[in-house]
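Data block below; observations after.
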Amino acid sequence: MNLLIMGLPGAGKGTQAAKIVEEFGVAHISTGDMFRAAMANQTEMGRLAKSFIDKGELVPDEVTNGIVKERLAESDIAEKGFLLDGYPRTIEQAHALDETLKALDIKLDGVINIEVNPESLVERLSGRFICRSCGSTYHKVFNPTKVEGTCDVCGGHEFFQREDDKPETVKRRLDVNIAQGEPIIAHYRELGLVSDIQGNQDIDDVFADVKKAIAAIK
């Protein structure tokens with residue numbers, strides 16, 4: 001069984017990916033792991049990727065696509081199947097993946113799309129704040145301090161928010177992800193591969209829906 005998992009940052013995609021891998025025994029292929037392995041093993045594409053990263057440059061699509069192809073050609077994929085996580089990120093990469101799968105004679109069985117309302121994601125992702133004295137991390141909704149305005153760990157009263165966690169920054173990041181993701185989802189929807197999963201639920205309820213979707217695919 002060969003699957004792709006998609007979802008916006010904060011939608012719980014990583015959590016569900018880990019559960020799918022544990023439950024179904026497929027190979028978990030994440031972009032970060034692929035890059036690290038390719039560079040550590042000094043594959044042709046790994047060496048190319050490292051040359052760009054060492055210069056502080058973005059790795060071009062051709063190299064990223066090549067690393068994915070190298071990974072999908074490994075023997076465990078034929079044995080176990082895969083869950084691809086974090087790729088494709090653009091419609092161009094999606095088309096490149098189509099070509100790679102065709103060249104390797106691999107069939108993509110389904111796309112699990114974790115859907116969460118972007119407004120609730122802004123709240124989820126921008127709620128983090130940090131104690132200036134000791135660095136302890138809290139969340140306005142999910143992990144507040146026991147006493148408002150006082151750090152549980154050191155008793156400090158000064159907190160700050162990282163630039164990346166501010167609502168306007170989070171919203172901009174989500175807007176970019178939505179703009180990139182919509183044509184990819186549309187592409188796979190045309191192929192009849194997408195299963196939409198409501199992500200605004202308890203983690204176990206989300207996974208119950210994921211399992212139902214996978215059972216329908218199988």
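Just so you know, the numbers here start at 1 and follow the chain as drawn.
Here the Cβ of each residue, glycine as well, is placed from N, Cα and C on the backbone.
Shown in sequence order, D85 are the residues of the chain, 6+ apart in sequence, with a C-beta less than 8 angstroms from the C-beta of G14 (ATP binding site). Sequence annotations record features per position, and here Swiss-Prot assigns ATP binding site to G10, A11, G12, K13, G14, T15, R128, T137, Y138, Q201.
According to DSSP, the secondary structure content of the region 'NMP' (30-59) in residues is 21 helix, 1 strand, 8 coil. The region 'NMP' feature in Swiss-Prot is assigned to 30-59.
Note on R89 (AMP binding site): other Cβ atoms within 10 Å of its Cβ, all shown chains, come to 16. Classification of R89 (AMP binding site) by DSSP places it in coil, neither helical nor stranded. Feature annotation from Swiss-Prot assigns AMP binding site to T31, R36, E57, L58, V59, G86, Y87, P88, R89, Q93, R162, R173.
Under the heading region 'LID', Swiss-Prot lists 127-165. Residues in the region 'LID' (127-165) partition by DSSP class (helix H, G, I; strand E, B; coil) as 3 helix, 12 strand, 24 coil.
What Swiss-Prot records for C131, C134, C151, C154 is Zn(2+) binding site.
Within the same chain, the residues at least 6 positions away from V59 (AMP binding site) whose Cβ sits under 8 Å from its Cβ are F35, A49, F52, I53, listed in sequence order. Note on proximity: among E57, Y87, C131, C134, C151, the binding-site residues of the record, the Cα nearest G12 (ATP binding site) is that of Y87. G10 (ATP binding site) carries neither a helix nor a strand DSSP state and counts as coil. Ranking the binding-site residues R128, Y138, R162 by Cα distance from C154 (Zn(2+) binding site) puts Y138 first.
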